[in-house]
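As recorded in TrEMBL, the features of this protein are as follows:
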type	residues	note
BINDING	G138, E139, S140, G141, A142, G143, K144, T145	ATP binding site
COILED	890-917	coiled coil
COILED	957-1035	coiled coil
COILED	1113-1213	coiled coil
COMPBIAS	575-588	compositional bias 'Polar residues'
DOMAIN	1-51	domain 'Myosin N-terminal SH3-like'
DOMAIN	60-738	domain 'Myosin motor'
DOMAIN	1308-1584	domain 'Dilute'
REGION	574-609	region 'Disordered'
REGION	618-640	region 'Actin-binding'
Amino acid sequence: YARVWIPDPEEVWKSAELLKDYKQGDKVIQLRLEEGKELEYCLDPKTKELPPLRNPDILVGENDLTALSYLHEPAVLHNLKVRFIDSKLIYTYCGNHSPLLHHHGIFYIMGNVDAHILVINMFLCFRDERNQSIIVSGESGAGKTVSAKYAMRYFATVSGSASEANVEEKVLASNPIMESIGNAKTTRNDNSSRFGKYIEIGFDKRYRIIGANMRTYLLEKSRVVFQAEEERNYHIFYQLCASAALPEFKTLRLGNANYFHYTKQGGSPVIDGIDDAKEMVHTRQACSLLGINDSHQMGIFRILAGILHLGNVGFTSRDADSCTIPHKHEPLTIFCDLMGVEYQEMSHWLCHRKLATASETYIKPISKLQAINARDALAKHIYAKLFNWIVDHVNKALHSTVKQHSFIGVLDIYGFETFEINSFEQFCINYANEKLQQQFNMHVFKLEQEEYMKEQIPWTLIDFYDNQPCINLIEAKLGILDLLDEECKMPKGSDDSWAQKLYNTHLKKCALFEKPRMSNKAFIIQHFADKVEYQCEGFLEKNKDTVYEEQIKVLKSSKFKMLSELFQDEEKALSPTSATPSGRTLLSRTAVKPAKARPGQASKEHKKTVGHQFRNSLHLLMETLNATTPHYVRCIKPNDFKFPFTFDEKRAVQQLRACGVLETIRISAAGFPSRWTYQEFFSRYRVLMKQKDVLSDRKQTCKNLLEKLILDKDKYQFGKTKIFFRAGQVAYLEKIRADKLRVACIRIQKTIRGWLMRKKYLRMRKAAITIQRYVRGYQARCYAKFLRRTRAAILIQKFQRMYVVRKRYHLMRAATIVLQSLLRGYIARNKYQRMLREHKAIIIQKHVRGWLARVRYRRSLKAIVYLQCCYRRMMAKRELKKLKIEARSVERYKKLNIGMENKIMQLQRKVDEQVNAPRVNGQKSLIILGSQDASCSHFGIIYLVTETMEKKLVEETKQLELDLNDERLRYQNLLNEFSRLEERYEDLKDEVNLMVVSGLKDSKIMCCLWTRQELESENKKLKNELNELQKALLEKSSPEVTAPGAPAYRVLLDQLTSVSEELDVRKEEVLILRSQLVSQKEAIQPKVSNSLQIQSLQDYHMLNEDGELWLVYEGLKQTNRLLESQLQSQKKSHDNELEALRGEMQSLKEENNRQQQLLAQNLQLPPEARIEASLQHEITRLTNENLDLMEQLEKQDKTVRKLKKQLKVFAKKIGELEVGQMENISPGQIIDEPIRPVNIPRKEKDFQGMLEYKKDDEPKLVKNLILDLKPRGVAVNLIPGLPAYILFMCVRHADYLNDDQKVRSLLTSTINGIKKVLKKRGDDFETVSFWLSNTCRFLHCLKQYSGEEGFMKHNTPRQNEHCLTNFDLAEYRQVLSDLAIQIYQQLVRVLENILQPMIVSGMLEHETIQGVSGVKPPGLRKRTSSIADEGTYTLDSIIRQLNTFHSVMCQHGMDPELIKQVVKQTFYITGAVTLNNLLLRKDMCSWSKGMQIRYNVSQLEEWLRDKNLMNSGAKETLEPLIQAAQLLQVKKKTDEDAEAICSMCNALTTAQIVKVLNLYTPVNEFEERVSISFIRTIQMRLRDRKDSPQLLMDAKHIFPVTFPFNPSSLALETIQIPASLGLAFISRV
């Protein structure tokens, strides 16, 4: 339904909505107000006018009121309110007007662009060359003065001056002067203009300011002598009082404003926020700028001070008709001194007046009241004269001698006024507004009519309100002003008689004149804005100009020159001032268009009434405005309380009615208010056209566009040069244009903002990463500091507690010994007294025999031990020499080759058997091919045999791979155990040294015995593991593989047998050692005396003086190393056999494919062709086999030549060694001799990729390159694996020198140094990763440059020149491989420790997909983890940690294959821990949790894809977890579901599947528990599956690691040694 406006006593108009459609004849309308209240609105029975309709919301707040669909009073009022209150907009157009709200006032200006007070000035400055006028009107406090001030400031700023006189500054300087003498504080405005003014600003042809002129109207003189409550006099008086303390103002004898009668009546001498003293400074500066010198300024201030003192003059009544002034009255004395007049004359004429008749003149005393009125009239007259004088001087200062081309006038005049009591002032003001409204109507109508006629468009004259009858009523012959002047001339004229004349003349003849019903002294005039009732009382007195001439003559005779000038110029003025008791003075323009003076004119002008003068001034103003192009500003005051942005509807609508805005809007909207030239329209709306719509004829182009955009042709008209639009059409076109531009602007903004946001994001991301780096570094340092402090505290506590306990123990021991000694002494003495004689000889014999036995035993033991040492040393040297000769002999290599030849022959025989079998079958098939009936069956048999062989080969290969992994795993476990034993030995060794230092001799012996027992138990353990390994190999191997003829495991069994025999030998040595220790223990039992204890300790040292215990432990270590080397050789042989079998399998596959193709081809051929094709195929196959055998023969020849070459080298070395031993060369010479080849001449800077160092610098090299090296600095700044390259280059130099001691020492120190670093910083992932990478790189370098053909094929010719020439380091390669395995296992442990706290929280507990988990079932609660802050980890934490691991390993240059194995182990740990926790937690077994787990696993898979690690086998380790998540999500009801589960969960054991189904707990409504019957069905289906009954996965399981050969392309000669490593003592060779 529609919305309407209804009258309201409070808000003037209220908005309501129709509840029911209106029908013709309805007397009542059903409405609902905005607050929800419903009411019935009764229509006027006479007029039957419907309430005005409300505009749609889209039009509310329009910039131009004429664009509103419905133009009426409520619509205009509401639009202004919305713009002012909601949008805080203080400017609004109304056709030719624009309401403007400013501070607490509304202004109206003209124009067609965004409303602003400065817009009209832009139009004025650039229009045609006609003179312009701005008419500003409104109530007091509405903002007229501010609006006019803005306009003048704009002209002065934009135009500038045409000379160097700075005229624009003078124009602006006139404002503070006129405000100080013409503005005052009222109840409505703190700076209210109490006069009207019209300022003409002149311009030259270039539109630069050349001068200005000012005319004033109706100065409110009554304010000089009277102010209402809360009001002030003119500002200049308060500025004088505030500056009274200045030295130049001392003669004025001023004081506080509350001292003077003329400034204290309002009771508000101060304005908030205004400093009158500062304002006085601004006023004086403005006067100086306008050419008013200091003497004239002081004259002005002197006259103003005299007016203040005149107001303090008091009168004393002598009787009812006379009064007097006290003698020497101080205020009057000061006034006379300041004015330069005689005291007696002024005091006399203030109390008397002169009456002149035709014959004589009388002097009559006046009463006190009349004297006060005469005093006040004199003060007002003096101020008015001074005001005129200042205006004249301002105009003189602004006057220009340059010819004026045009001017712009600014009229700041009062608006229509109506009060409860309206008098002569309101009559004159409303008369002036009637004239201005008539001029406005004529201007608007005339412009519209001329424009339409000029453009030749159809036009109907608009009927508008014409206020000419009202003007005639006021100013025509026998009008109100004529009757008033006539009554003033009557001797006994009065207000009552004048009222009667008005009634008799106009009451029944003029419809605009009315008489009030209840009064005979008032009349009503129907003005254009409203009806106004005027009270006749005071009209005559205010129209007359009553000033006592005697007082004026006294002032004219003043000695004060400036004062006499004020009154002498009265007759010379064109329009002299006339004062009225009402307090307003009419001032005509001065110095602008002066009329010719005629004799006697001055006296006649002096007798004119105020009304007559005001009418003449209005006529002159109208002539000026009609000669210019006027522009209107209507100022409306929104409230009477000076509140900002507070809208009083009653006051606003009262002013809207008074200023005639609605009539103006109606006139503008009835025609075509908007118009454009064709070129302007084309330029403006070119964006709405397409390229094909643009024609050469601009007029036709615009017509075509308008026909498309505006369908209603009545909304626009085409003129000769312009296009005319109805109201609102331009806004519609602007909206279309703005929408199109907005789309383009949005696109540009989108792109720019996106770019800015991306830059901002990148900056923020970079800053965040930097902050994170520093924060994490700080946290790590703090954590390290905490760990160091904790460790230090523990050490301090340990030693402190040890000290306390030891001290207590010593005290107790000393006390015990004292007691024991006393007690034993007492018993011994008693026994001694009893048995002294009986046992004396026995005691002597015992001591003698014991001493002799000990001496004999010590001698025998010493001799035996010495002989053992000598013999063992001799045997060891012989064995060492024998091993060295054997290692260099050719027979050893022949034996090795014999074994290899046997293996090759066995493999060749096996291959021949597998190849001959299908060949025999093929020959048989060729014979049978003769008969076509049996051909198909023969090929079927061949295909079945081939398929059976392929399956068998695949199964054997898989079995071999599984056995190889098991053997590798067992070997690495043994290696790990050996590493643990070695660490234990180091710890025991340290403890032994500590006990030796502390002097605890008994504890040392016990420790040695305990060490022996530990070694014995470890030997038993190793032997048991080897036996288990042998049994497992015998049990698990297939019959074909474990058969006696199988070469893969026969060698392994032989090696295990030899190992067992070696262990038996070691066991016997341990038993011998045990017997020796037992005998020593019995021999060194603690004796009673200290001498015996010392002797026993010496015996123990004598027992171990040659390090027998250490030799035993070294023997055990050698045994372990032998076992490791045997296992490694076994692994190598198995790998070789596996590769050979794979090659055989591949060749058999290819042979099978060829056979199938041949058979398929033969089936399509005739019988004769089949036989021929078979023979051809057989010939081809035999040829290929011959070629393969020839290649093998060539390889064997190469091997024989290589072995012969090595044999020659070894024979030469053996001869040199024997010659050296015969000549007894000293060790120093042996060490120095190999260095001689270094001095061989070579080219400058031709480096050989070697590093030279001295033997003494080896510890320093190890310390700087291994022990003290920081992995992070090397990873960031240097090439990966640099320490490994440096060590290998040092080894190369030692090999080049043929110094086996140096090579052995360097490699041993390197391995021990790496072990020390890992023992010290084994918990740091970066350290472990760094040394794993460098160890592998060192191992690869030893292989790459070993000289073996299998490794050399990957090298460049230059790299092959760098191969080792003198030593075979295969044994050290095995040791380094074992070390790499140990480092890898330690790396896995570090990874596990870091990831362990994150896995459960990130994979299970954290909700990666929000909202999936739903509501947990009752009875379930979240378990508290034993790890602190586990809840803080998420899946992102795990992925970030994985990224950290991967980036660190890549930075360290770790082999890609090794990285894949680490990632596979990491994913296995993650999957195992997650699955184990899932199997132990009931709250995690739900459908939603299965979805969470599956999503988390997919994120891990995505990480693998991002890192290109999908082929690492890591994904397969997560298969049990993936199947468990799928098991939680699949349907679990029917038998088909059970079958699907059994086929899907092949990676889970039966126990795990049943456990998940039992723990499954529904969380949401659509889930159900798994029934018992379904679980039993699953168990029945899985009963035949052979899997482990273990429920949980082994999270500690470590996959066997391999180190594939990865050669380096880096040339050794190009490697530079950074100075940061501190290796200046080594040099490049």
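Cβ atoms here come from the backbone N, Cα and C positions, even for glycine.
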What residues, ordered by sequence, lie under 8 A Cβ-to-Cβ from K144 (ATP binding site) and sit at least six positions away in the same chain? V136, S137, G138, S193, D412, I413, Y414, V633, C635
With every protein chain in view, how many other Cβ atoms are within 10 Å of the Cβ of S140 (ATP binding site)? 18
Among the binding-site residues G138, E139, which residue has the fewest other Cβ atoms within 10 Å of its own Cβ? E139
Can you tell which of the binding-site residues (G141, G143) has the fewest other C-beta atoms within 10 angstroms of its C-beta? G141
For the domain 'Myosin N-terminal SH3-like' (1-51), what does DSSP give as the number of helix, strand and coil residues? 0 helix, 24 strand, 27 coil
Applying a 10 Å Cβ distance cut-off over all chains shown, what neighbour count does T145 (ATP binding site) have? 24
Average the per-residue pLDDT over the domain 'Dilute' (1308-1584) and send me the rounded value. 85
CB neighbours of A142 (ATP binding site) within 10 A? 31
